[in-house]
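Below is one structure, written out as structure tokens; comments come after it.
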Amino acid sequence: MSTDIRSKFLQVYDTLKSELINDPAFEFDDDSRQWIEKMLDYNVPGGKLNRGLSVIDSYQLLKGGKLTDDEIFHASALGWCVEWLQAYFLVLDDIMDESHTRRGQPCWFRLPKVGMIAANDGIILRNHVPRILKKHFRGKPYYVDLVDLFNEVEFQTASGQMIDLITTLVGEKDLSKYSLSIHRRIVQYKTAYYSFYLPVACALLMFGEDLEKHVEVKNVLVEMGTYFQVQDDYLDCFGAPEVIGKIGTDIEDFKCSWLVVKALELANEEQKKVLHENYGKKDPSPVAKVKELYNTLNLQGVFEDYENTSYKKLITSIEGHPSKAVQAVLKSFLGKIYRRQK
């Protein structure tokens, strides 16, 4: 991804933000305009922007040539819709998880003047997506498919979040409920669809493709998303907080993490007892005991094996696709996440 494309992408953010804070559907005064602007700047462009930039990247690989300014603008606008959706999920997710930091700074709802106003801000972020789509894509033949796609993916993500939340209900902590199949369901719906399938699906629609004919592409991307989340689970415990931008809390939050599922699979009865007694406790001492057990079970080595096997399987699936352009899109995606440290 050239720095030129990245800077053009960031310029499109400024354009979209300006349109939204001057939206004629609402009579903004200075206070509300400033609030929205601050809220957007704090939550939307702060991450790595991988999802958004992937729309441009994927479209470029499908087209196989230089993009016109118009194509760059439209691919960027779709990329920002993905980033807006992500911001909406994260703002609300942080409230639900009672998180403290996100992308190396305090979560939005933790700011003194924000608090629970963040819940409404999340709703506003979500409502910005159809406004961007309507303004810039209404005349396109694929407009309805785009709206459907974003609605579908939002539903899948919210449903995945629900499984995640009800599996970790306080007072009903039961590790025996956790398995690889539950983990996979949460990951597939909560992360894989919006982080992996959505950006590529946007590029395919923009390129004039029918998504119904690309079920195999969806399957590969969902697999990739699963692999990505396993990496995330691993980094939550073994990654350096200053590198990943947050302090991992999966153990304290009783999350159905790949690590705990694997630990339950590999542990003997005595070790399982340690997990049952310490997993999901907020104090540093039980957390340290869980981490110690993870080291005893060599989960770092188990993860390395998983990473290598997953990579080989994904490459085989990708190379089975008839279109070289689609292969390039999928390989580009995989290249961005293979062996990542954050």
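Using N, Cα and C of the backbone, Cβ positions are placed for all residues, glycine too.
Within the same chain, the residues at least 6 positions away from R51 (isopentenyl diphosphate binding site) whose Cβ sits under 8 Å from its Cβ are G79, V82, E83, Q86, Y194, S195, L198, P199, listed in sequence order. The isopentenyl diphosphate binding site feature in Swiss-Prot is assigned to K48, R51, Q86, R103.
Residues annotated as Mg(2+) 1 binding site in Swiss-Prot, with similarity to another entry given as evidence: D93, D97. In the three-state DSSP scheme, D93 (Mg(2+) 1 binding site) is classed as helix.
What Swiss-Prot records for D93, D97 is Mg(2+) 2 binding site. Taking Cβ-Cβ distances under 8 Å and a sequence gap of 6 or more within the same chain, the neighbours of D97 (Mg(2+) 1 binding site) are T249, D253.
Annotation comment: Swiss-Prot describes R102, K190, T191, Q229, K246, K255 as dimethylallyl diphosphate binding site. Less than 8 angstroms from the CB of T191 (dimethylallyl diphosphate binding site) sit T157, G160, G225, F228, Q229, D232, each of them six or more residues away in the same chain.
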Protein Cβ atoms within 10 Å of K255 (dimethylallyl diphosphate binding site), excluding its own: 23
Densest Cβ neighbourhood among K48, R102, K190, K246 (binding-site residues), 10 Å radius: K190
Inter-residue C-alpha distance, K246 (dimethylallyl diphosphate binding site) and D93 (Mg(2+) 1 binding site) (nearest angstrom): 14
Of the binding-site residues listed as K48, D93, R103, the one whose CA lies nearest the CA of K190 (dimethylallyl diphosphate binding site): D93
